[in-house]
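Marked as active site, charge relay system by TrEMBL: His97, Asp127, Ser205. Annotation comment: TrEMBL describes His97, Asp127, Gly203, Asn204, Ser205, Thr221, Ala222, Ile223, Ile224, Ala225 as substrate binding site. For 246-335, 349-442, the entry in TrEMBL reads domain 'PDZ'.
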Amino acid sequence: MRKFLLPFLLIISVTFSSTLKDLEEDIVKLVNKVAPSVVTIFVIKEEKSIFPMPEFPFDFPFRFREPFTRKERSLGSGVIVKYDEDKKVVYILTNAHVVKNGVRILVKLDRHTEKKGEIVGIDTKTDIAVVKISTRGINDIEDRIAKLGDSDNLKVGQIVFAIGNPYGLERTVTMGVISALRRSIGITQYESFIQTDAAINPGNSGGPLINVEGEVIGINTAIIAGAQGLGFAIPINLAKWVMEQIIEHGKVIRGWLGVVIQDITPDISEALGIKEGVLVAQVVPGSPADKAGLKVGDVIVEVNGKKIEDARDLQFTIMKMKPGTKAVLKVIRNGKEKEITVIIGQYPEEGVSREGKATPENLGLLLRDLTLKEKQEAGVPYGVLVEGIYPDSPAEYSGLQPGDIILKVNNRPVRSVREFYEIINRLKEMGRSKALLLVRRGDRNIFITLDLE
C-alpha cells in the first residue's frame with residue numbers, strides 16, 4: 001500500500017506545483033498587460049476651511065466663523081480608458097473626490113512620462129471624474145488603453161485584482177475575490193458597489209479593479225476605516241455611462257421622475273399583500289410624477305415592461321432614461337394594477353430645478369410629516385422629520401442630520417412637508433439665497449442656515 005501511495009502523492013505534488021506555476025505566470029502576464037494603463041494623479045487643491053471657535057461653557061445658537069482658502073496636495077490613481085485620435089487626447093477615469101477642487105493636476109504615466117491633466121467633468125453623485133491628457137510625445141498610447149469588461153455579469157467569488165498607488169507606492173497589485181455585489185454604504189447618492197477583499201488603501205482611489213481576463217470591471221473608490229478586507233468599487237458599466245455623458249455634455253444629464261421611494265419591507269409586504277416593487281412615499285409637487293398622476297401609496301412594479309426589484313433598481317432605471325422620453329409605469333393602487341404614462345424630466349441642477357423651485361433632490365433633503373406619537377415624544381407641536389441627507393448637497397453642507405426636526409423656516413411654523421417647500425419656494429421667489437431653520441435636535445433647539453442657491 002505504501003509503495004503505491006508514495007508515487008501517487010508525488011504525482012499529485014508535481015501536478016499541483018505545475019498548476020501553481022502556470023497560475024503564477026498567468027497573473028504576471030495579466031498585471032504586465034494592464035499596468036501601463038494605470039496612472040498616478042497628483043492634485044493641488046484649494047480647500048475652504050474655517051478657523052475653529054473656542055468652546056464656551058454655555059449653549060450659543062450661532063457660531064461666527066471666518067472661512068479662509070488653503071492649498072492641499074493629494075494623490076490618487078486613474079486608468080486610461082479611451083483614446084480620441086482626432087483630438088490627440090486620452091480620457092482617464094478616476095474618482096471625483098480625487099480631483100474635486102483641483103487647481104492643478106499632473107498625471108504620471110511612468111517614471112519618464114508626466115502630463116498636465118485637465119478635468120473634463122466631475123459627477124459627485126457617483127464619485128466619478130474624467131480627466132484628459134494630450135498624447136503628444138507618447139508613442140505607445142494605444143497599448144495603454146485598458147479593456148473594459150461587463151460589470152452586469154459579475155458573480156460573488158470571482159477572482160479580482162486591484163491596481164493603484166496606495167500611499168504613493170506606484171502600481172501596487174493586490175488580489176482578492178468579489179465579496180458581494182450591489183452594496184450601499186452611504187457615501188454617494190447613486191450606489192451599487194462591488195465589494196472586494198483585495199486590499200484597497202489611501203491612494204488606490206480611482207484605480208481599476210480587474211478580472212482574470214485583464215478587463216476593468218470597477219473603479220476603486222472607498223474603504224471602511226479600521227476594517228480589514230472591506231474595499232468598494234464602482235461598477236464599470238455605471239462609470240462608463242457617466243464618462244460618456246461627461247465627454248458629450250460636460251456633465252451628467254439624468255432622467256428624473258420626482259418621487260421619494262422606499263423598499264417593500266416584510267412588514268409593508270404583509271400589510272399590502274405585495275412582494276415586489278417600490279413604494280411611493282412622496283411625490284414632488286410639479287414633478288413629472290405629479291403631472292402624470294402618481295400618488296403617495298402607489299407601488300411601482302414595472303417600468304417599460306422591466307420589473308423593478310427595489311428602490312435602487314428604479315433609481316438607476318430612471319437615471320439612465322433620456323429626458324423627454326415616455327415611460328410606462330405599471331403601479332399597484334389600492335390592490336389593483338394600473339398603467340401610468342409619464343414624460344421623464346431632467347434631473348434638476350444642484351440648488352435649482354427646471355421649474356426653479358426647491359425639491360427634495362436639489363436641496364438634498366428627505367423629509368416626512370411627523371406622526372402624533374412622534375410629536376408627543378419630541379415635545380413639539382409641529383415640524384417635519386429629516387429622514388435622510390443626500391451627500392454633497394446644500395442640506396449636508398448646512399449641518400442638518402437625519403433625525404432632526406425642522407420646526408420653523410424664517411420664523412414661520414412648518415406643519416407639513418408640502419408647507420416646508422411652499423415657504424422655501426416663496427423665499428426663493430423673493431430673491432433670498434438662504435433660509436434660517438429652527439431645528440429640534442435631541443432635547444434642544446438650534447438654528448441652522450440652509451443655502452437655497
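Using the three backbone atoms N, Cα and C, a Cβ is placed for every residue, glycine included.
Straight-line distance linking the Cα atoms of Ser205 (substrate binding site) and His97 (active site, charge relay system), rounded to a whole number, equals 8 Å. Annotation for Gly203 (substrate binding site): same-chain Cβ neighbours under 8 Å, separated by at least 6 residues, are Leu75, Gly76, Ser77, Gly164, Asn165, Pro166, Tyr167, Gly168, Leu169. Here the CA atom of Asp127 (active site, charge relay system) lies 10 Å from the CA atom of Ala222 (substrate binding site). When each of the binding-site residues Ser205, Ala222 is scored by how many other Cβ atoms sit within 10 Å of its Cβ, Ala222 comes out lowest. Neighbours of Asp127 (active site, charge relay system), defined as other CB atoms within 10 A of its CB across all chains, total 29. Sequence-distant neighbours of His97 (active site, charge relay system): residues of the same chain at least 6 apart with a C-beta under 8 Å from its C-beta are Thr124, Asp127, Ser205, Thr221. Across the domain 'PDZ' (349-442), the prediction's mean pLDDT works out to 80.
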